[in-house]
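Trainee: This structure is in structure tokens; I'll ask about it shortly.
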Amino acid sequence: MPPSFPSLPLPEAVAATAHAALLALAALLLLLRAARALASRCASCLKAPRRRGGPAVVVGDGAGGALAAATAGAWHRAVLASCAYALLSQVAVLSYEVAVAGSRVSARALLLPAVQAVSWAALLALALQARAVGWARFPALVRLWWVVSFALCVVIAYDDSRRLIGQGARAVDYAHMVANFASVPALGFLCLVGVMGSTGLELEFTEDGNGLHEPLLLGRQRREAEEELGCLRVTPYADAGILSLATLSWLSPLLSVGAQRPLELADIPLLAHKDRAKSCYKAMSAHYERQRLEYPGREPSLTWAILKSFWREAAVNGTFAAVNTIVSYVGPYLISYFVDYLSGNIAFPHEGYILASIFFVAKLLETLTARQWYLGVDIMGIHVKSGLTAMVYRKGLRLSNASRQSHTSGEIVNYMAVDVQRVGDYAWYFHDIWMLPLQIILALAILYKNVGIAMVSTLVATVLSIAASVPVAKLQEHYQDKLMASKDERMRKTSECLKNMRILKLQAWEDRYRLQLEEMRNVECRWLRWALYSQAAVTFVFWSSPIFVAVITFGTCILLGGQLTAGGVLSALATFRILQEPLRNFPDLISMMAQTRVSLDRLSHFLQQEELPDDATINVPQSSTDKAVDIKDGAFSWNPYTLTPTLSDIHLSVVRGMRVAVCGVIGSGKSSLLSSILGEIPKLCGHVRISGTAAYVPQTAWIQSGNIEENILFGSQMDRQRYKRVIAACCLKKDLELLQYGDQTVIGDRGINLSGGQKQRVQLARALYQDADIYLLDDPFSAVDAHTGSELFKEYILTALATKTVIYVTHQVEFLPAADLILVLKDGHITQAGKYDDLLQAGTDFNALVSAHKEAIETMDIFEDSDSDTVSSIPNKRLTPSISNIDNLKNKMCENGQPSNTRGIKEKKKKEERKKKRTVQEEERERGKVSSKVYLSYMGEAYKGTLIPLIILAQTMFQVLQIASNWWMAWANPQTEGDAPKTDSVVLLVVYMSLAFGSSLFVFMRSLLVATFGLAAAQKLFIKMLRCVFRAPMSFFDTTPSGRILNRVSVDQSVVDLDIAFRLGGFASTTIQLLGIVAVMSKVTWQVLILIVPMAVACMWMQRYYIASSRELTRILSVQKSPVIHLFSESIAGAATIRGFGQEKRFMKRNLYLLDCFARPLFSSLAAIEWLCLRMELLSTFVFAFCMAILVSFPPGTIEPSMAGLAVTYGLNLNARMSRWILSFCKLENRIISVERIYQYCRLPSEAPLIIENCRPPSSWPQNGNIELIDLKVRYKDDLPLVLHGVSCMFPGGKKIGIVGRTGSGKSTLIQALFRLIEPTGGKIIIDNIDISAIGLHDLRSRLSIIPQDPTLFEGTIRMNLDPLEECTDQEIWEALEKCQLGEVIRSKEEKLDSPVLENGDNWSVGQRQLIALGRALLKQAKILVLDEATASVDTATDNLIQKIIRSEFKDCTVCTIAHRIPTVIDSDLVLVLSDGKIAEFDTPQRLLEDKSSMFIQLVSEYSTRSSCI
């Protein structure tokens, strides 16, 4: 008792002393601050020159800028009101004492209220100052003051209650007691404020300030550069002090920002250097490679590499885990002593208080160590995942062709998304291997004290429980493996469908492929069902094991003649409850070990795959040779084990500065020759020497998602002058003027919203900008029109690359004369090599190629030389419409406001008139609280929510029976060893078994119901999302990267499959368990309710405070996952290009950056969970300590010892259950975001109906194939300009229509409108008198046929690619193959029609893929056929062959041909010339060629003369 207040009760004396001390400390700090400010001002006055006017006063908190405004919210006003309320209550007490006692008032009565009144006046003043100064958080002294005040208030209230009950009304001062009780709510709120620290002020700073309210908006390059330079702050975790680490307060600034506004990625601090992906990758890769070098004949161990890299982290985590395990058994060990104390068996003075203190310290240590342990394993998991992901990515860039063919891109993505995740998650189970034996030893030691030698039976029962769980775990592992295999298959097919959605829609195949995916999902669901039901069995084993162990232990003790006491039984039950966790974890541990081993084996197998050999090509210094490329005795094969190599007897010497052209028929090995120079194709013999750097342009354009400038620069620094020269050389200037944002326009996934010619020219620009020594160009001019091709060849090959070594593959014969050397390939051999004239004289293969080209040119010459009287004599020329018909068509066009033979009007759009709309949309992300509609919708997905009440009922029954079984054991056993038992031992065990096993059955029922509910909801959501995605318009796929969609159907769907339902059930479970714990504790000590209510309020507030940040972190996490997946799939697809440019390091760096962007919110999210749990458990620990203090303060005999022991037993779990309750809701809120994201895709806009039942066309439609365009207007978006401007014309049925025009003139848009991939803004398209907008999309597209520019093959077989709908016989398929000249090739293969087609058709040449696409059209036999640049990638001879097949097989069909090769359309019945989205000309080729000013004749002239011009 303090000497200055001898007459005061102890709690009031302590309160007065504490308030006085805090007042003195505050005064001292204010004086020191004033003195320091005065000294600083004096020093500045002495140093600084005098200025006019007074000193500038900046009010702020020193955050880097002046405070502009501080707005007080409800929180801050509540703080002020609470302080004022506390002050007024003390003033009221003083007034009452003076009024009642008058002059007889004692100093004792006035001392405490007077000191408290002064204290609250000071606190109110400090709270008011917060707004003036601009505090975001209250000072530490103020917060401590509030917490201490609340604690003292509760202690005084308890002391007053005890004295009132024990000694009567005279023992207390009513005025003080009433004021104290009345202050509890206000002080409880201030205590909460003290814990949280926030002032509740909305601060706004000037632009020099910290900008709390504006997110940091940085472009990708700027943000990356700033992060590399360290401009963004590094996480405070990196250099936090011990106290900050222990309390996790280093995270508070981020959570404070999140409580004020939604977090953005820029708000999240950077990871410390040691935590970044680069550091983790270097460490793991170094240890892995060291094993490879030290033990060359043995496969390196990935497990060992991980352990060697992170053993220090594992050791620190193990220390925390060991301390946590030991202190967690202190409570069960002391329960029996505590029950003995309450029974009156006091061993030493103050035993009760000492026991209560030990309980408190143990729980405190348990809380602190648990949070450090869990955060430590989370961080270790992030390190492992980052390092492994980087290793998988690096391997994906270096795979040889054979290895690449054995792993699809979907499988490689799955290695990263699934296997790496699983290995990283094993960090949670890593320490369980040695902790389980430690926990069993500690448990046996406690049981030996309570039940003696019977603890041996406990060990036997524990071993049996573990043994019983092993088969269930193995079964679960089996189901998990099957589930993962089926998921891999579904994801592979989903990825393929998403990448090729355009062809699926054009061919009306989307329903077929969607049904295939649904069938795959059904297989996956079968294994998912068994996996979930096996999880229910594991749950039953989990709850049954401690009951089984308890029955065996107690039964053995009774049989051996031992006596059970209430304290011993409660101690044993508490021990069994702790032992329950490792027993439950053991099956999970076995399962996770098995799953992790499988994942490690898969990853290790992948990392051991063959890479491209470093010696495939030999780099020779330029100073030592004049040869840029030198191949001698070369033999190469994509399949090293085949008897027939792809290329053989290759001898090639290319002198530096030469232009080498490579030509040949399709499948002759042209692209393979370039691959041999790059080192991409396995070398069987010979050598390849390269001198200088290389740039590679593949035949199939590879474009990254990003803007055009980034694609051209490709990691190089911007040189504006060189950049402009590149743009001009690649004929991109006009395209950039027309594109939105110019070269800053973000292009879609794989450049999907660029035309084929634009993609090819962007590729060429990328290569040219690199300023390489050797240029390898694989048919780069096939996708552009004649004029652009001529310009490209002159500006690019002949001018920009005049001094470079160029090897170009081409099918355009007109580009061959400019070559210094021409290589003619056939069947993998160089059959001829030489200059153009020499090869012409030699004849053979080269002569055949040139002859085919000359025939096409001669066809155009015939048209130019003929007149109207000789039209009918043109070879292969179909009968053209009569002159009157043509005139009618002209008149119809004129009536619609368009002349038939006018030049296109150049419409130059000014930059200031462009609407700044990006073509790739940012990923949709909700902000703020998850809507309750999401929860309700999800719960209503399965059986309309009827299972929810049953789940709650089963959980309630489980909790009631659990409490009843423990209460029965505490009540029926004697208090001490000398007392007689209240019931027979057999009855004791039978009743206990009945209650306990009954509770286990109810929890088993609950698990089954949750699994059934979750499975039904997951399946319904998946089907709904899948159908909405497949029904989405093509514009959605044009503007959404496939990786983003894959993220939803893989990651988010997995969360819904395996997590959401159990999170929902877990929240209901913890809620009911928490209510049970509170009920038991309050039954014994009702006073605990005094703290339970404010504690619950504090917990709810902290949960809301936390979830505001956690929710946004989870959303950011989901968004940041997509770029990682997308870069994986994108890089794997373009690995050859990346390697060809020598850009592996840059892409690896990009991958590491994206991994850090993903790890930043993940680290903060995991730390936020521990931050919340720590505070929840600390509150629970203080409540438990308060309960213990009440129990030991009651006189002996007041409370029944067994019931008090039961309350303590449950109280030991209070902190864990309280934190788990809040945490379960928070995790549910975070996981439900996956449901929210799936619902976003369930609300995607849909295309028009596939079938309109009341408006279906006849089965024979279209009979004639007439196509009439009436004032057709098309734009891609409502806010974008028109692409087609009122096009009106008619394509007569059965005629051949050629559609030509410059790049960007609207040719492909017209075709998209015909197939309704884009719905017209205005006008109509009439086919055989039916408006196509009035019928279903499936009815339309299934009656049309198209051979697209980019031939698409699906993984599977030739049969499946030709006839995916399984509508044709084998005979019909063979006939189609023979017609498209592939019959011999397919018959030569062992599998015939079942010959495999790899992902993207990589094992077939581009020309062969195009012929397969022709085979599809032959089988479909549609009346209308569209060729969209269908022959752009084949040689002239093959082009002529295809045209011959089309003329013979589609002679009665309407054929619309878009082509850049003029001979392809020169023999058409009509030619439509488009310019800037309008009809420039539409007439017969002969008439157009007669008009010397026509645009068509210019195109013809350009094509026929460009070879001579070159």
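Positions of Cβ are set from backbone N, Cα and C atoms, glycine also.
Sequence annotations record features per position, and here Swiss-Prot assigns ATP binding site to 664-671, 1301-1308 based on sequence analysis. The compositional bias 'Basic residues' annotation in Swiss-Prot covers 906-918. The region 'Disordered' annotation in Swiss-Prot covers 889-925. The transmembrane segment annotation in Swiss-Prot covers 12-32, 78-98, 109-129, 138-158, 177-197, 342-362, 453-473, 540-560, 945-965, 1086-1108, 1154-1174, 1179-1199 (among others).
For the listed features, I'd like the structural context: burial, neighbours, distances.
Mentor: Counting every protein chain shown, the number of other Cβ atoms lying within 10 Å of the Cβ of THR1303 (ATP binding site) is 22. According to DSSP, THR1303 (ATP binding site) is assigned to coil rather than to any helix or strand.
Beyond the ends of the transmembrane segment (12-32), by six or more residues, the same chain brings 1-2, 4-5, 111-112, 115-116, 118-119, 122, 126, 141, 144-145, 148-149, 152, 155-156, 176 to within a C-beta distance below 8 angstroms of the stretch.
Within the chain carrying the transmembrane segment (78-98), a Cβ under 8 angstroms from the stretch's Cβ atoms is held by residues 72, 105, 109-110, 113-114, 116-117, 120-121, 123-124, 127-128, 149, 175-176, 179, 182-183, 186-187, 189-190, 193, 199-200, all 6 or more beyond its ends.
For the transmembrane segment (109-129), same-chain residues at least 6 beyond its ends with a Cβ under 8 Å from one of its own Cβ atoms are 5, 8, 12, 15-16, 19-20, 22-23, 26, 79-80, 83-84, 86-87, 90-91, 93-94, 97-98, 101, 135, 138-139, 142, 145-146, 149, 173, 176, 179.
Only residues 6 or more beyond the boundaries of the transmembrane segment (453-473), in the same chain, are considered here, and those with a CB under 8 A from a CB of the stretch are 440, 443-444, 447, 534, 537-538, 541, 545, 548-549, 552-557, 560, 562, 579, 583, 586-588, 590-591, 594.
Residues of the same chain lying 6 or more positions beyond the ends of the transmembrane segment (540-560) and with a Cβ under 8 Å from any Cβ of it are 447, 451-458, 460-462, 464-465, 468-469, 472, 569, 572-573, 576-577, 579-580, 583-584, 587, 958, 965, 985, 988-989, 992-993, 996-997, 999-1001, 1003-1004, 1007.
Same-chain neighbours of the transmembrane segment (945-965): 543, 547, 939, 992, 995-996, 998-1000, 1002-1003, 1005-1006, 1009-1010, 1012-1013, 1065, 1068-1069, 1072-1073, 1075-1076, 1079-1080, counting only residues six or more beyond its ends whose CB sits under 8 Å from a CB of the stretch.
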Trainee: DSSP secondary structure for GLY664 (ATP binding site), reduced to helix/strand/coil, please.
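Mentor: In three-state terms, GLY664 (ATP binding site) counts as strand.
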Trainee: Residues of the same chain, at least six outside the transmembrane segment (138-158), with any C-beta under 8 angstroms of its C-beta?
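Mentor: Residues 11-12, 14-15, 18-19, 22, 25-26, 29, 86, 119, 123, 126-127, 130, 176-177, 180-181, 183-184, 187-188, 190-191, 193-195, 197-199, 1087, 1090-1091, 1186, 1190 contact the transmembrane segment (138-158) from elsewhere in the chain.
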Trainee: What count of other C-beta atoms do you get within 10 angstroms of the C-beta of LYS1307 (ATP binding site), across all chains shown?
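Mentor: Result for LYS1307 (ATP binding site): 24 neighbouring Cβ atoms inside 10 Å.
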Trainee: Please list residues from the chain of SER668 (ATP binding site) whose Cβ is under 8 angstroms from its Cβ, counting only those at least six apart in sequence.
Mentor: LEU825, LYS826, ASP827, GLY828
